[in-house]
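> Marked as transmembrane segment by TrEMBL: 12-31. The feature domain 'MoaB/Mog' is assigned by TrEMBL to 201-349, 486-635. Taken from TrEMBL, the feature region 'Disordered' covers 640-663.
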Amino acid sequence: MVTRWSEKGPGLKILWIWTLGTAGIMITNVVRTRVNDMQKILQEEDEAAAAAAPMASGERNVSTYQNSLNPAFDGYAVVASDGPGEYPVITESRAGDDALGLVVTPGTVAYVTTGGPIPDGADAVVQVEDTEQLAGAPDGSKRVRILVRPTQGQNIRNVGCDIQKDSVVLKSSEHIGPAEIGLLATVGVTTVKVYRRPTIAVFSTGDELVEPATASLSRGQIRDSNRAMLLAAAIQHKCKVVDFGIAKDTEESLKEHMDAALSSDADIILTSGGVSMGDRDLVKPCLASMGKIHFEKIRMKPGKPLTFAEIVTEDSSKPSKKVLAFGLPGNPVSCVVCFNLFVVPAIRSLSGWSNPHLPRVHARLLHPLRGDPHRQEFHRAVIRWVPDDGSGRPGYVAESTGQQASSRLLSMKSANALLEVPLVGQMLEAGTSMQAILISDMTSSPFDKLPTASNPLPSHLFPSAKSVSTDLSQVPASQNTEVKVAILTVSDTVSLGAGPDRSGPRAISVVNSSSEKLGGATVVATAVVPDDVEKIKNILVKWSDIDRVSLILTLGGTGFTPRDVTPEATKSVIEKEAPGLTYVMLQESLKVTPFAMLSRATAGIRGSTLIINMPGNPNAVAECMEALLPALKHALKQIKGDKREKHPRHVPHAEAAPVDQWDRSFRAASSGRGCSCEP
């Protein structure tokens with residue numbers, strides 16, 4: 001992370017934060033403090049999208065009695081040991097009955113409806129379709145023929161099978177939707193504490209702005225699109241909104257609008273425009289005079305001038321309150337991109353979400369893109385799941401929305417994702433895989449140009465598919481790769497964007513420089529995940545079982561700290577251990593530092609994939625790879641099914657004539673004629 005302080009006038013010190021991740025962490029920390037101060041109030045009907053504050057649990061079992069299991073059929077309660085045959089129907093039990101006093105004895109049955117209590121004595125239910133109605137007896141009693149042999153417990157729900165007594169059905173910070181409301185109703189909970197919806201105050205700044213309803217524009221005027229867009233976006237995210245119109249580019253007008261917004265009991269204030277370097281860009285000085293600015297300027301494109309501040313309201317009539325203020329850029333695209341990347345997580349945090357960040361997926365580019373060498377770009381795109389993403393497997397593909405100028409709001413039209421284009425400063429080829437931040441529902445976006453299942457993506461679109469992580473340098477691509485390598489960086493810090501990934505690029509460099517020694521190896525996928533067992537497992541399984549990667553190198557998370565869980569995740573997915581590899585790495589690392597003995601790294605095989613835990617230190621990655629190189633190529637061949645073993649005395653011959661000498665040596669050893677090296 002690169003930071004610096006700059007003076008902007010009396011009392012105005014601005015912290016430049018160069019990474020999206022670091023800015024996000026700062027906002028999260030500020031919001032977390034703000035959440036602790038928020039009042040949790042009781043809500044009833046209109047808070048279906050809020051997050052529950054307390055736990056809700058059942059006071060009794062659901063169901064509280066045995067009842068017919070199959071919801072689609074009525075049937076007969078029987079004694080299973082009676083088997084098929086003709087039986088009198090002695091009673092009936094319907095949904096809503098208590099069935100008290102009803103008893104089924106051997107040789108009798110009872111008619112039960114779906115959800116009806118099972119009479120005492122019965123231990124199975126036979127559905128009506130497996131029975132035959134018989135003519136009644138002269139006394140009017142009913143009889144039925146059971147056509148199948150039931151088993152004990154058949155078609156019966158046991159007491160508590162749905163929800164057991166005292167089990168928790170809803171925990172703090174879980175979202176309340178229709179199913180959750182149904183669960184609460186089931187256990188008799190009609191009111192829960194929830195985080196209240198945030199209130200957002202919005203106003204635009206600029207002498208050039210006029211209301212959207214203005215029929216004709218004078219020279220130099222533009223309609224205010226940002227305010228309408230921000231109000232709609234806030235409503236979409238379940239917020240209450242207050243519209244404060246347009247402020248002029250004067251200190252008095254800005255102060256007047258800011259005071260009005262603060263007096264509205266808003267939790268978040270959004271302004272657009274006035275945050276750049278012009279002599280009339282006065283939002284930052286205004287925020288600095290009223291509160292504390294946490295940062296300005298993000299190393300991103302679009303959205304560089306974003307400003308984040310915190311203002312404490314002082315009102316003798318009510319308790320003081322911390323209000324979050326976002327000075328969003330004036331360019332429309334920059335404004336809405338910053339809203340999605342920074343304001344949405346703040347809204348969600350205030351609403352009690354445990355994970356407030358927008359979801360990410362990997363998608364392959366349909367067309368080449370050029371990365372920016374100085375700022376990470378968030379490229380507007382439409383992504384969709386297709387049967388063939390160009391690799392022969394289903395996956396997401398991404399299509400650019402066209403020209404990406406920050407003033408061109410058409411680039412946001414229909415966009416459902418922001419592609420995290422890495423800092424490479426060069427063309428990224430079609431087929432490149434990169435992370436995409438989902439900003440809307442994928443199914444709602446038109447994607448007419450994409451192929452359907454009957455018209456899969458042509459493979460020529462992806463001549464050199466590769467995976468790019470947002471913090472990694474360019475990953476070299478290769479066609480017809482014999483050995484596919486994937487590199488997984490495991491780090492909470494890197495995954496949050498709070499620090500650079502140094503190990504990943506070093507591992508890529510080592511693999512590329514050792515490509516021939518590994519049998520033509522190419523890095524085809526990279527990823528960064530936090531120190532979380534499930535997330536590590538998921539990507540290891542995907543790369544092994546779906547992507548059929550030959551070699552996976554995990555970097556980091558092998559030490560003694562509580563968050564070091566890479567070995568545990570790896571051991572849970574491998575089928576065979578390879579302790580010799582970790583032994584060699586340990587011996588090599590001990591030459592450098594005695595702390596190497598604290599490594600818990602593991603290695604093993606899953607299917608046709610070799611997985612090796614590497615240290616997180618970039619230099620250690622290079623040292624360990626160098627130590628493993630003499631055997632890795634052969635190991636990867638064996639995993640693919642080559643059962644031949646190298647004889648140590650054959651190594652010189654293998655280096656001189658690896659193919660002919662190897663085949664000759666193997667045939668000689670197999671036939672029992674001794675060593676082919678000997679004359």
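Note that Cβ sites are derived from N, Cα and C of the backbone, with glycine treated the same way.
Burial and contacts for the listed features, if you can.
In the predicted model, residues of the domain 'MoaB/Mog' (201-349) average a pLDDT of 95.
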> From the DSSP assignment alone, can you count helix, strand and coil residues within the domain 'MoaB/Mog' (486-635)?
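Going through the domain 'MoaB/Mog' (486-635) residue by residue, I get 70 helix, 31 strand, 49 coil.
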> Let's see if you can do this one: DSSP helix, strand and coil counts over the domain 'MoaB/Mog' (201-349), in that order.
51 helix, 46 strand, 52 coil
